[in-house]
There are 2 protein chains.
Amino acid sequence: MRIRFGILGTAHIANRVADAIESSGHQVYAIASRDLERAKQWVSGRTSNKDDIICYGSYDQLIEDDQVQAVYIPLPSSLADCWAQRAANSGKHILVDKPFSSAENVLQITQLCRRNNLAFLDGTQFVHGPRLKEMQNMIQSGAIGRLRKVNAAFTAWIVDSTNIRYDPSLEPAGCVGDVGWYVVRFILSFVGYDRKVISVYAVGNETDHGAMDDCCGVVQFEDNITAHFDCGFTSGYRQWGECLGTLGMFRVDRFQGAPIPNSSEQKDPNLHFQFRQVGEERNGRIERVEKETKDIWVPSVGKPQSVLLIEQFVTLIEKQDKEEREKWAKEAWKTQLLVDAIYQSAKTKQTILLL
Amino acid sequence: MRIRFGILGTAHIANRVADAIESSGHQVYAIASRDLERAKQWVSGRTSNKDDIICYGSYDQLIEDDQVQAVYIPLPSSLADCWAQRAANSGKHILVDKPFSSAENVLQITQLCRRNNLAFLDGTQFVHGPRLKEMQNMIQSGAIGRLRKVNAAFTAWIVDSTNIRYDPSLEPAGCVGDVGWYVVRFILSFVGYDRKVISVYAVGNETDHGAMDDCCGVVQFEDNITAHFDCGFTSGYRQWGECLGTLGMFRVDRFQGAPIPNSSEQKDPNLHFQFRQVGEERNGRIERVEKETKDIWVPSVGKPQSVLLIEQFVTLIEKQDKEEREKWAKEAWKTQLLVDAIYQSAKTKQTILLL
């Protein structure tokens, strides 16, 4: 089935997701902006299917269009939650870009979609890629032994303080919601969404206008697993994540996604991670081993993560598999729950105990 | 001047430092163990100057030997502090392997040495190497802009729980004193020993016998600088450190020291680090730039870090430069102060506020 998508908002990311919608064989049916001219401009900037995209000068108009089956919402989080609920109330399946403005709002969206038999997915791309799945599979098969630590960092030097990321009325959790969302999602992808959080402690920096532009800290999970997170807009661009266990360790650069090379001769960095074995079980005892770090290249599935995201969303729409829908909604909720706790800890300078 | 060293204890590290003493043209004059046989065994395991080393069956005997000018103390920290003071009371210059059992004890040792006009240095090797100095120089010259974050990790999979590191009566701070000392020293080497610490928060794990075998957390310094630290005995061997600023970043693997290659054709990994520029100042504004990561190889000074440590110690003995002696004593004290705070936070599950 070819799904007709409506897009709420002309943010930069909307273009990339529109590409992914078209690449996966679905239709960018309509675009809405609060300003009709901006919607038209956005369409004129597209390279394909220009003439077929309907432009709306209000989000309501798009939501009321019966032809729209699914809505993609790349709005700032304080608006996204509200429009996600309105779209779901109009019977549209919803794909919402991260972050949300609170875990409570994620729950409300989930309940609404559950009641109306609608698909709901958040716009995190890397969790749909083959690299993450390969790392998860290796951990499940025992490659790193017992998991002890998952650490991740995502910082980007965002210089322009007029950026919406610096406006707490639009992005209440600042960098913790923005780049921090990916850090938290990476951590939970390996620690597991059901693992109890014992404590969260974060140190953050707030600008004069109350925007959190830097944050780092530590999360203690049950079973003696800890996580470091580091996110912010005030130091250089970097992304990395690592998983450490009693027998080995993984390291991945740009876990959230690197540009795909133009030439087919270059390898896709999104398929790469490193593994090093550090221990071996012999006769029920662990012995230390010294092995070289191995570069692991995951087989390509021939599609970028953005397309895999759209495919997953369409599968949720079509198959109506309740368990699968609950799984993805839970991941979004748990991620936002930890984002909220980190932000709260940094804001209040208190340890947040969750057990 | 050829300094005559006495060594208190036959720990593994004693051998390497004895090599460094000889390589730098000084003399391993005597070795003491609580068991004379062990001292003799240690000497028989040496390859050079075997017949010239005096063996003592008690630490007191070595300290009372007037020929001994300087004492190297590789004892567990709960013993080291006490023997350092006794050696200083006997007029010996003292080189003490890290960690100490408390910052208070470091102060007492320092005061005693100051009073008796003796040199005191801790046994951290990497701070004497050319790599750290080159990185510090680059930061001072503005290569990474304003410093925002210094993060470091040192974990080692120590399987054998009969290891002295698992005995709180010998090593009260467990992994925080052992591998954590290096992590803290790396952080302070860049953040600066005079920078005020605002808060320390750590999560640790204690064994059934009360030994801390894993610890990680975050330190908040003034001027909006933060540090992550991660140390422990329960995940694979890894060492890394990074310094992040508004214009660039450093990354170093095995900052505390990697084995020097046997062949002269291989490059010495202790001379390597990575640098990436991420911003540029133009007309008083910072602009984001995307540059490749550069591998930087520091010129060799032809000597390993262990020899540079001994040379620094001998310089402190010979030159009697008070300022220089205070500088090194302060670095040891500040390192132990932060080690103590980290341990205390992990132990009490409280944020330690130091401002």
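From the backbone N, Cα and C atoms, a Cβ is placed for every residue, glycine too.
As annotated by TrEMBL, domain 'Gfo/Idh/MocA-like oxidoreductase N-terminal' applies to B:3-118. Using DSSP to sort the residues of the domain 'Gfo/Idh/MocA-like oxidoreductase N-terminal' (B:3-118) gives these counts of helix, strand and coil: 56 helix, 22 strand, 38 coil.
When averaged over the domain 'GFO/IDH/MocA-like oxidoreductase' (B:133-250), pLDDT in the model lands at 94. Annotated domain 'GFO/IDH/MocA-like oxidoreductase' per TrEMBL: B:133-250, in sequence order.
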Worksheet item: Looking only at the domain 'GFO/IDH/MocA-like oxidoreductase' (B:133-250), what are its DSSP counts of helix, strand and coil residues?
Response: 28 helix, 48 strand, 42 coil
